Structure formats: structure tokens, C-alpha cells
């Protein structure tokens with residue numbers, strides 16, 4: 001999501017750099033030939049005990065009697081009725097669509113400050129103060145961190161559906177407060193409330209989708225998170241075009257931001273709650289009703305039996321303790337979740353997004369809005385490909401392929417900047433590398449990260465592990481935003497891009513050694529395989 005793949009830090013860079021230097025300025029920095037820093041990780045066989053074990057299978061294997069992963073985990077029976085899910089995505093789709101609207105809100109708020117921040121600064125009296133401008137944009141991240149870390153307890157106690165509705169309150173109020181703000185404190189307070197709501201939602205959406213989606217379509221439906229985010233960004237960029245001529249248009253844009261929050265609050269009244277949470281809370285009849293509606297009558301008995309078996313092994317109470325994520329097998333999943341988000345952010349997505357507008361300027365695209373829109377459309381195209389591929393090729397393959405593509409793209413751009421043979425050729429290669437990088441990110445590293453963590457987490461600790469993982473994401477997002485420009489000024493863009501490529505290679509290696517395939521496996525089957533290895 002998620003995402004968990006935000007443009008927020010990129011926007012901070014754009015607004016906090018009062019003097020936008022051309023890309024050629026940073027190309028000149030490369031003459032010092034500073035050696036790029038390699039942020040790599042070492043993986044050796046003794047650390048394989050940290051690798052999460054899950055059943056690897058393909059839907060075509062559904063008639064076999066069992067399957068084991070490559071570490072010899074205990075064989076477990078495959079689901080014999082996977083064929084029932086061939087057209088089973090449609091009943092769950094409306095519920096998933098309402099939840100994914102929360103990611104639309106996320107994307108909209110990421111892009112809403114991209115152009116209007118200049119008008120806001122002028123009207124509220126802090127024009128030219130890059131520090132305050134950056135604070136107005138980045139206070140969003142502080143709120144998101146707090147929202148993410150607190151979301152686990154809310155989900156455990158209230159369930160996803162009610163938490164969605166409660167979380168709509170700060171999203172709606174934050175947008176309205178920001179829209180009618182007449183002082184710096186008001187706009188900062190409004191942005192903080194919005195960030196708080198976004199932090200909860202980025203955790204909620206992948207959890208909800210993973211728990212209501214049919215097994216066969218869990219990855220594809222989970223990819224709607226990123227599609228929602230892309231559409232939100234594109235919408236905000238398009239709506240932001242009038243702000244170039246209307247200095248008060250930013251208020252209209254922020255009022256509009258409250259509408260999706262209202263729609264989510266109302267829409268969730270007509271959606272179902274997670275059958276797994278209902279079973280964990282002792283509401284068996286409600287869980288059966290939901291299963292009948294989403295998955296079909298034939299799935300009720302087997303699903304309830306699986307849910308109760310897992311609940312019995314996990315513990316009868318519905319609310320887990322934070323200390324439990326330090327215990328096996330939860331600690332392995334928490335480690336992998338945090339590591340995936342650290343690698344995702346330090347692979348440089350926000351830095352590349354910042355420099356994408358400068359790169360487009362070098363080839364004659366002067367409008368920052370047009371450049372941002374082109375980048376948003378590329379991200380959207382990658383998300384559509386992920387929607388098609390994730391349940392066909394699997395999570396691990398997409399992660400590895402995505403990070404390898406990102407690494408190749410970064411090395412291509414850094415080579416074009418570091419050793420330019422021809423200025424026009426160098427600019428064209430920079431554009432090509434940037435587009436390849438964004439597309440590669442959107443096809444795997446963006447959508448898969450949130451999905452795979454929710455799949456590997458147990459029913460009991462899923463909320464807290466997801467909350468911890470996403471809070472790691474926000475911390476890394478903030479760090480990259482804080483130091484990126486300073487590092488570029490000191491070393492030049494080529495070494496920094498090369499280090500992004502090195503981190504991307506490390507992420508591909510991590511995915512190869514630590515992630516196993518979860519496609520085609522129910523969440524309960526995955527959880528049982530984790531307990532086998534614990």
C-alpha cells in the first residue's frame with residue numbers, strides 16, 4: 001500500500017526546495033566521482049531460520065494430496081474445492097471497493113498539496129519559508145505514524161468495519177478544518193488529523209481485503225489498494241490545475257477531500273465485517289452469514305472449522321498483546337514486515353519521484369503538473385499489471401522481478417548522468433530509466449509488500465504486526481525526505497541513484513531468501529505452516 005508507495009516525501013522535496021535546480025546541476029556533481037554507498041544486506045544459511053515457511057503451490061496442483069515448501073515443512077492437505085472460487089470474486093468486490101476508497105483518500109491527500117501549497121503559504125502568511133511549507137506537508141507523516149501504530153489495537157477490539165467508520169471522523173474533520181483554515185495552526189492541525197486517519201486506513205485496508213477476499217483472488221483484490229492510491233493522486237493533480245490561476249482554489253480542493261471520507265463511512269454501513277474476526281469474537285452465526293454471502297454455501301462448514309481450529313491454537317481472547325509479536329512465529333513475520341518496508345523506502349521511490357519532474361524538464365516538459373500526471377499514469381499502468389499478475393505469477397516472483405527492474409533502472413539513470421556521451425541521449429536514457437523504475441515499483445514492490453505481510457501474519461496478531469510494519473514505513477519515509485536533498489547536494493544524483501540500485505538488489509535478494517509463495521493458500525493454511533516451523 002498500500003503501500004503502503006507514497007508520493008508524500010517527493011512533494012515535501014518539491015515544496016521545500018525554494019530554488020529548483022536543473023538536473024544538469026546535479027550531473028555536474030558527479031565529476032567528483034564519489035563512490036556510492038552500498039546499502040546491502042548479507043543473507044547466509046544460518047539466518048534461514050528467520051525465513052517464514054508457507055506452503056508453495058499452484059492452483060493447478062489442487063488435485064494433489066499435499067505439498068511441502070523447499071525447507072521440508074510438514075505436508076498439509078490442499079483445498080479440494082478451489083474450483084468453487086473461479087467466479088467467486090464478484091460477491092466480495094463491492095466490499096473491497098468500498099474499503100479501497102480509503103486508499104483513494106490516501107492518494108488524494110498525497111497530491112492535494114502539490115500545487116496549492118504556494119497559494120496556501122501566500123494567503124496564510126508563510127510564503128518563502130521553506131521550513132514551514134515542509135512542516136505543513138510533512139505533519140501528515142507524523143499523524144500517519146501515530147495512526148498506524150495504534151491501528152492494531154483498534155482492529156482487534158472493534159473489527160475492521162467499525163474501525164473504518166470511526167476512522168472516517170479525523171479524515172472528514174481534518175479536510176474541513178484545513179479547507180477553512182485562516183491560520184498556520186489550523187492548517188497544520190487539519191493535516192495532522194488527516195494523517196492520523198490515513199495511518200489507520202493504510203493498515204486496515206490490506207487486512208480487511210485479505211480476510212474477506214476468496215483465496216484464489218486475494219492478491220488481485222488486494223492490488224486494488226494501489227489502484228485506489230494511483231487514482232487518488234491523479235484526481236488531485238487534475239483538480240489542482242485551476243489552482244495556478246485561482247489563488248483560493250485550494251480551499252475547494254480540501255473541501256472535496258472530505259467527500260470520499262463521507263462515502264466510506266456510509267458505504268461501510270452496507271459492507272460485511274471480516275468472518276475471521278467475527279469467529280474470533282465468538283459471533284459464529286454472523287460469520288456463517290458472511291461466508292455464505294461472500295464465498296458460497298458450500299464453504300461455510302470447512303471455513304468455520306478452519307477458523308475455530310486457528311482460534312483454539314492461538315488463544316480464545318480476541319485481543320492480542322504487543323509482547324506476543326516478540327514470540328515465535330510472530331517475531332519472524334514482524335521482522336520480515338519491517339525489513340520489507342525499510343528496503344522499499346530506501347530503494348528510493350520518493351527520491352526518484354522528486355527528480356522525475358526535473359528529468360522531464362530537461363527534455364522540454366516544463367509543466368510540473370503534466371510531468372506529475374505522466375508519472376501518475378505510469379504508476380497506474382503498473383498497478384493494473386500487478387492486478388493481473390499477482391495471483392498468476394505469485395508474490396515472490398513479482399517482488400524479485402520488481403526490485404531487479406528497479407535496480408536496472410537506477411543503474412541506467414546513474415550511468416547516463418555519470419558518463420554522458422551525448423546530452424540528448426543522456427536525457428532520453430534518464431527519462432527511460434525513470435519510467436522503468438516507477439513501472440517496476442508499481443508492479444511489485446508497491447502492492448505486494450502490504451499484501452504479503454497481511455497474509456503471513458496470524459489471525460491473532462495481524463493487526464499489530466501490520467501496524468508495526470506500516471509505522472516503520474512512515475519513519476523511513478520521513479528519514480528519506482529529511483536527508484535526500486542534502487545527500488544529493490553533497491554527492492550528486494548519480495551516486496545516490498546507484499545506492500538506490502544497490503538497495504533494490506538487496507531487496508530482491510531478501511525476497512528470494514526470506515519470502516515464500518502464498519498464492520492459492522488460505523490464511524489458515526499459511527498460519528498452520530508457520531506454527532509447524534515455530
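These residue numbers are counts, starting from 1, taken along the chain as shown.
Cβ from N, Cα, C; glycine included.
Summarising the annotation, TrEMBL assigns transmembrane segment to 89-111 (among others).
Annotation source TrEMBL lists domain 'Major facilitator superfamily (MFS) profile' at 95-519.
Within the same chain, residues 8-9, 11-12, 15-16, 109, 113, 117, 120-121, 167, 184, 187-188, 191-203, 467-468, 470-471, 473-475, 477-478, 481 sit at least 6 positions outside the transmembrane segment (131-150) and bring their C-beta atoms closer than 8 Å to a C-beta of that stretch. According to TrEMBL, the feature transmembrane segment maps to 131-150 (among others).
The transmembrane segment feature in TrEMBL is assigned to 162-182 (among others).
For 188-209 (among others), the entry in TrEMBL reads transmembrane segment. Listed as Cβ neighbours of the transmembrane segment (188-209) (distance under 8 Å, sequence separation of 6 or more from its ends, same chain) are residues 1-4, 96, 99-100, 102-103, 105-106, 109, 135-137, 139-152, 154-155, 160-161, 163-164, 167-171, 173-179, 181, 218, 221-222, 224-225, 254, 257, 261, 274, 450-451, 453-454, 462-463, 466-467, 470-471, 473-474.
Residues 1-7, 89, 92-93, 96-97, 100-112, 114-116, 205-206, 209-210, 213, 249, 253, 256, 260, 369, 372-373, 376-377, 379-380, 383-384, 386-387, 390, 442, 446-447, 450-451, 454 of the same chain sit 6 or more residues outside the transmembrane segment (221-241) yet have a Cβ under 8 Å from a Cβ within it. Among the features that TrEMBL reports, transmembrane segment is placed at 221-241 (among others).
Under 8 Å from some Cβ of the transmembrane segment (253-272) lie the Cβ atoms of residues 94-95, 98-99, 101-102, 104-105, 108-109, 112, 116, 161, 164-165, 168-169, 171-172, 175-176, 178-179, 190, 194, 197, 212, 232, 236, 239-240, 243, 290, 293-294, all in the same chain and six or more residues away from its ends. The transmembrane segment annotation in TrEMBL covers 253-272 (among others).
The transmembrane segment feature in TrEMBL is assigned to 333-356 (among others).
Residues annotated as transmembrane segment in TrEMBL: 368-390 (among others).
Under the heading transmembrane segment, TrEMBL lists 397-418 (among others). Distant neighbours of the transmembrane segment (397-418): 23, 26-27, 30, 36, 343, 347-348, 352, 386, 389-390, 425-427, 429-430, 432-434, 436-437, 439-441, 443-446, 448-449, 452, 492-495, 497-498, 500-502, 504-505, 507-508, 511-512, 515, 517; these residues of the same chain sit at least 6 beyond its ends, with a Cβ under 8 Å from one of its Cβ atoms.
What TrEMBL lists as transmembrane segment is 430-453 (among others).
Feature annotation from TrEMBL assigns transmembrane segment to 465-484 (among others). Away from its own ends, the transmembrane segment (465-484) comes close to residues 1, 3-4, 6, 8-9, 12-13, 138, 141-142, 144-145, 148-152, 199, 202-203, 206-207, 325, 330, 333-334, 337-338, 340-342, 344-346, 348, 350-351, 354, 450, 453-454, 457, 496 of its chain (Cβ-Cβ under 8 Å, at least six residues beyond either end).
TrEMBL lists 496-515 (among others) with the feature transmembrane segment.
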Margin query: Ranking 89-111, 162-182, 333-356, 430-453 by the number of C-beta pairs under 8 Å to the transmembrane segment (368-390), which range is first?
Written below: 430-453
Note to self: Do any residues, 6 or more residues outside the transmembrane segment (89-111), come within under 8 Å Cβ-to-Cβ of it, and if so which ones?
What the structure shows: 1-3, 6-8, 11, 140, 160, 164, 167, 171, 175, 194, 197-198, 201-202, 204-205, 208-209, 212-214, 216-217, 220-221, 224-237, 240, 257, 260-261, 263-264, 267-268, 270-272, 293-295, 372, 376
